[in-house]
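Enquirer: Quick one: this structure, given as structure tokens, is what I'll be asking you about.
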Amino acid sequence: MKVLVVNGPNLNMLGKRDKNIYGNFSHEDLVKMIEDWGRKNGVEVEVFQSNHEGKILDRLHRLDFDGLVINPGAFTHYSYAIRDALEIVKVPKVEVHISNIHRREEFRRRSVTAEVCDGQISGLGVYGYLLALEYIKKKLEELT
């Protein structure tokens with residue numbers, strides 16, 4: 001069982017961004033937390049981060065994973081290319097946001113990518129990733 005975790009633009013800057021919105025975790029801390037979860041749960045996890053839409057598309061197009069957690073960052077609000085790629089990916093998938101996008105600026109409240117995911121977790125900090133991973137693990141176990 002392999003789960004891909006994709007982080008979009010500016011998520012590499014966690015720990016340097018507004019701590020009231022994004023918390024104190026660095027991207028390195030987030031990767032370690034996800035990898036630790038994978039080891040404890042017997043799940044292979046790969047964390048991929050890019051600030052470039054095309055690189056995210058190329059990674060998704062490899063289709064070499066059984067489940068997907070994606071935080072598209074700002075691409076959430078306007079990337080129909082990522083939306084279309086997510087539609088191609090026929091695995092359990094969850095969109096995650098560290099901040100509650102529904103309590104932020106108006107332009108951040110619309111997700112064009114969530115509607116092609118199984119669900120969206122928003123506003124629970126980095127722990128939203130763990131909830132998404134738990135869901136995907138359970139869903140994959142049900143399918144086997």
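A Cβ is built for glycine as well, from the same backbone N, Cα and C atoms used for every other residue.
On a predicted model such as this, the values are computed, not experimentally measured, just so you know.
So Swiss-Prot lists these for the protein:
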- Tyr22: active site, proton acceptor (ACT_SITE)
- His97: active site, proton donor (ACT_SITE)
- Asn71, His77, Asp84, Ile98, Ser99, Arg108: substrate binding site (BINDING)
- Arg17: site 'Transition state stabilizer' (SITE)
Enquirer: Taking Asn71, Ser99 as the binding-site residues to compare, which has the smallest set of other Cβ atoms within 10 Å?
Expert: Ser99
Enquirer: Looking at the recorded positions Tyr22, Asn71, Asp84, which has the shortest Cα distance to His97 (active site, proton donor)?
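Expert: If we rank Tyr22, Asn71, Asp84 by Cα distance to His97 (active site, proton donor), first place goes to Asn71.
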Enquirer: Which of the binding-site residues Asn71, His77, Ser99 has its Cα nearest to the Cα of the residue listed as 'active site, proton acceptor'?
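Expert: It is Ser99, whose Cα lies nearest.
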Enquirer: Look up Asn71 (substrate binding site) in the DSSP assignment and report helix, strand or coil.
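Expert: Going by the DSSP assignment, Asn71 (substrate binding site) falls within a strand, counted as strand.
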Enquirer: Would you mind reading off the Cα separation of Ile98 (substrate binding site) from Arg17 (site 'Transition state stabilizer'), to the nearest angstrom?
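Expert: Ile98 (substrate binding site) and Arg17 (site 'Transition state stabilizer') have their Cα atoms 12 Å apart.
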Enquirer: List the same-chain residues at least 6 positions away in sequence whose Cβ sits under 8 Å from the Cβ of Asp84 (substrate binding site), in sequence order, or say none.
Expert: none
Enquirer: Could you check which of the binding-site residues Asn71, His77, Ser99 is the closest Cα neighbour of Arg17 (site 'Transition state stabilizer')?
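Expert: Closest by Cα: Ser99.
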Enquirer: His77 (substrate binding site) has how many other Cβ neighbours within 10 Å of its own Cβ?
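Expert: His77 (substrate binding site) is surrounded by 16 other Cβ atoms within 10 Å.
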Enquirer: Report the member of Arg17, His97 (the recorded positions) whose C-beta atom has the most other C-beta atoms within 10 angstroms.
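Expert: Of the recorded positions Arg17, His97, the most buried by Cβ count within 10 Å is His97.
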Enquirer: For Ile98 (substrate binding site), just count the other CB atoms lying within 10 A of its CB, please.
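Expert: Neighbour count, Cβ to Cβ under the 10 Å cut-off: 25.
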